[in-house]
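Everything on this sheet refers to the single structure shown next.
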Amino acid sequence: MSISVNNISKSFKGKTALKNISFEVKKGELFGLIGPDGAGKTTLFRILTTLLIPNHGEATVVDFDIIKDYKSIRNNVGYMPGRFSLYQDLTVKENLEFFATIFGTTIEKNYDLIKDIYVQIEPFKDRRAGKLSGGMKQKLALCCALIHKPKVLFLDEPTTGVDPVSRKEFWEMLKRLQNKGITMLVSTPYMDEAAICDRIALIQDGEMLEIDTPKKIVKHYSKTIYNVKANNMYQLIKSLKSYQHNYSVYPFGEFVHYTDTRTDFSPIDLQHYLTSKNLKNISIEITQATIEDTFMELAK
Amino acid sequence: MKRFIGFIKKEFYHIFRDKRSLFILFGMPIAQIMLFGFAITNEINNVNIAILDHSKDATTQEIIHKIESSKYFTITASILNETEIETAFKKGHVKAVLIFEKDFSKNLGKENNATVQVIADATDPNTANTISNYVTAILQKYQQKINVAVKTPYQILPKTRMAFNPELKSVFMFVPGVMTIILMLVSAMMTSISITREKELGTMEILLVSPLKPFQVIIGKVVPYIFLSIINAIIIVLLGILVFNMPVQGSYFLLAAESVLFIITSLSLGILISTVSASQQTAMMISLMALMLPTILLSGFIFPISSMPLPLQIISNIVPAKWFIIILKGIMLKGVGLQFIWKSTLILVGMTLFFIGLSVKKYKIRLE
């Protein structure tokens, strides 16, 4: 096991941030931590990177205890905090060189590991890090976290504030790194990114809701979901919410995800109801449950 | 060791890329020493005065002549009657008026007694005081001259000698003071800000999750500022010597060694401040309030400690600057060796060890 967490709890001044968290990450796994802001993701990262001490429970990273062997952990992991935490007044190259030096290595020694990513920012290697775009900054931060060939990589919301194209690129890079045998724990508030992970854990209010592969997690969702669409979104949501048989109503892009309390639900009834509410161009179709639906259901 | 050098290299990048701070770092000592040396002075030179001479005889002429020939006064106006005195003061042209009574020479010869009135503009009390002292001195000198023939039976003649600073130059007081302030400011404030900046930007988080040891981070932060502070100290001493003829009577080596000691004391204070403050702003406020003010007010730099109320005198003992100023004045003006300043030196060493010990105890290897 690369990471093993056993019954971890943490509270700040009486406010609980994490409640009895337990999970394991296998060697070489890409493990996603999915949850909204304030769910406790960053606290969990800080505990595992030995920056915080939990109130209860124990955890090991690369078989080192997070409290007793914190020095060994610090030698063996890479950490990319949620906020951009590089030196803005240093150039791209200087930042990378600095992190290589403090980990007792050189860029050349581990170049093969960062090559794929570094070639993308290399044209800007003499630019100050503070002047890079959001996506570039994240790529540089990833390079800096990787430069010492860590066994485990912790990435706290690496794609927050990054454009969709760069986000996709970033996850592809993580997938490639996985092939090089690096265990990764990644957190994100974006449910759509979760599907790329080997396994994901849904976390909310400091509690683990579910841990499984993205495919299986969706299967936990037992209800049939309907994509409902009409000419007036606002009116549609309002009408659905006041429909007496509604179980859940969530806007989802251009559709509304709707589930019904009845087992013998027929879309025709709903169609009639919505027409009576003056809605036009109504379409109702069965759709697949997404991780977001599962999350909403579990968080209910 | 390679890690450590890499870290120091990074620190120098930070310092040299921040042009504004760099300018303050080296511009400030020069500006301060010039300001204190030239502008803020207790000496008087070429003060404009006016004369109201009711007598206009040989004696008054001679006295006026004496006053005019001194470099302290310039006689700019002759006033004809009392009413003009106030106008002259109000216009601000003159700082003092000398009034000779009627029949000055006659009175002096006949009654052995003649009066001169000195009216000084006391809106600036220090200058007024100095002016009246200087005028009195000139008059006394003249009196002694005309009394040579006559033997006065009982007379006490004080012969003062101003040791170590015979000309009473105030710049002799300001150079050690400014040096103390600048070293304190650069060392304590700059290090505390540079350490808290890492906390604020989140880079401290990464540094903690790296094999760098806490003392490597701290020493790495401190080393560049030791260099900068030494350069600053050299600039200040050079300016003092070259521009203001400040003497260095004692050994330069001792001066350098004591300066380095004080720099380290200030740096350890800076580290201590950074361990208790979470943001650059807090660090700066603490440095300014807790270090700058006592350094200026309670160190004996501007206000003599012996004339302070007892509680403040006691508090002044914990201000490192007080001891450094004693050391500086000792070496530069009195030319003493270590045997006379070992006590102050020992106190600074003790303070440094105390601050470092406290910082090490307070330094967090984690975020909480």
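Including glycine, each Cβ sits where the backbone N, Cα and C put it.
Keep in mind that what you see is a predicted model, and the values were worked out from it rather than measured.
Marked as transmembrane segment by TrEMBL: B:21-40 (among others).
The feature domain 'ABC transmembrane type-2' is assigned by TrEMBL to B:132-366.
The annotation transmembrane segment is assigned in TrEMBL to B:171-195 (among others). Residues 11, 14, 21, 25, 28-29, 32-33, 36-37, 40-41, 165, 218, 221-222, 225-226, 228-229, 232-233, 236-237, 239-240, 244, 246, 259, 262-263, 266-267, 269-271, 273-274, 277, 280, 283-284, 286-288, 291-292, 295-296, 299, 301-302, 320-321, 324-325, 328-329, 332-333 of the same chain lie 6+ residues outside the transmembrane segment (B:171-195) yet bring a C-beta within less than 8 angstroms of a C-beta in it.
The annotation transmembrane segment is assigned in TrEMBL to B:222-246 (among others).
Per TrEMBL, the feature transmembrane segment maps to B:252-273 (among others). Sequence-distant contacts of the transmembrane segment (B:252-273) (same chain, six or more residues past either end, CB-CB distance under 8 Å): 179-180, 183-184, 186-192, 195, 218, 221-222, 225-226, 229-230, 233, 237, 283, 286-287, 290-291, 320, 324, 327-328, 331-332, 337-338, 341, 345, 348-349, 351-352, 355-356, 358-359, 362.
Residues annotated as transmembrane segment in TrEMBL: B:285-304 (among others). For the transmembrane segment (B:285-304), same-chain residues at least 6 beyond its ends with a Cβ under 8 Å from one of its own Cβ atoms are 173, 176-177, 180-181, 184-185, 188-189, 192-193, 269-270, 273, 276-277, 312, 315-316, 319, 321-322, 324-326.
TrEMBL lists B:340-360 (among others) with the feature transmembrane segment.
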